[in-house]
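Q: Structure in structure tokens, see below.
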């Protein structure tokens, strides 16, 4: 199966900082899936690293430059994961899909970050899934699925176990597109998922849930075209 993972930067690089053991635990999951015969592509977010740099840079520059800074952070995070994957990947972070395709053609795990200003890594992962005709897109984030509202700030938020791409667009339509903004799935990604008719699963970004998103038994949200 061809699988694209959107790996949230905040789960790979949590607020308490970088941890070699944490990064290794994600690498082990992706290695296992590769050993099982799956083609694995990973788009890594910028997380707290990106947001801290963007917060500072916003004091003296515009959103487009902040976007570029955020993209650089995603690529640093991608390089960390590549290092942990060792021979399973290649020592290179592609910046476009043609280079990404070459890595997949080598039979390696593809790891990349952002590509264009104003595009989140969710949008990049959805576009990559469309480009590669992936069988599954997995969005691994800091909440355990899609909710009617942000569960971190709304006690009455209800989790959705299954939904359509059209329903996803309705929920995500008002999300911010400022540099460093974060939501479970952003509005552009939702539209690409709908356009490409991608089977998508949103899960809590733990190694165990990521594995279950492929093998079964996950506790996330299934999005169907």
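Just so you know, glycine gets a Cβ as well, placed from its N, Cα and C.
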Q: For the UMP site, Swiss-Prot lists 46, 115, 116, 117, 118, 119, 120, 121; sort out which one of 67, 144, 150 goes with them.
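A: Checking 67, 144, 150 against Swiss-Prot: the UMP site match is 67.
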Q: I need the least crowded one of these binding-site residues (9, 46, 47, 117), counting other C-beta atoms within 10 angstroms of each C-beta.
A: 117
Q: Among all protein chains shown, how many Cβ atoms are found within 10 Å of the Cβ of residue 121 (UMP binding site), not counting that one?
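A: A 10 Å sphere around the Cβ of residue 121 (UMP binding site) contains 31 other Cβ atoms.
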Q: Name them in sequence order: residues not among 46, 67, 115, 116, 117, 118, 119, 120, 121 whose Cβ is within 8 Å of the mean position of the Cβ atoms defining the UMP site.
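A: Sorted by sequence, the hits are 70, 71, 74, 114, 123, 124.
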Q: Where does residue 119 (UMP binding site) sit in DSSP terms: helix, strand, or coil?
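A: SS state of residue 119 (UMP binding site) = coil.
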Q: Round to the nearest Å and give the CA-to-CA distance linking residue 9 (ATP binding site) with residue 46 (UMP binding site).
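A: Residue 9 (ATP binding site) to residue 46 (UMP binding site), Cα-Cα distance: 5 Å.
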Q: Using all protein chains in view, find how many other C-beta atoms are within 10 Å of the C-beta of residue 10 (ATP binding site).
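A: Here the count is 19.
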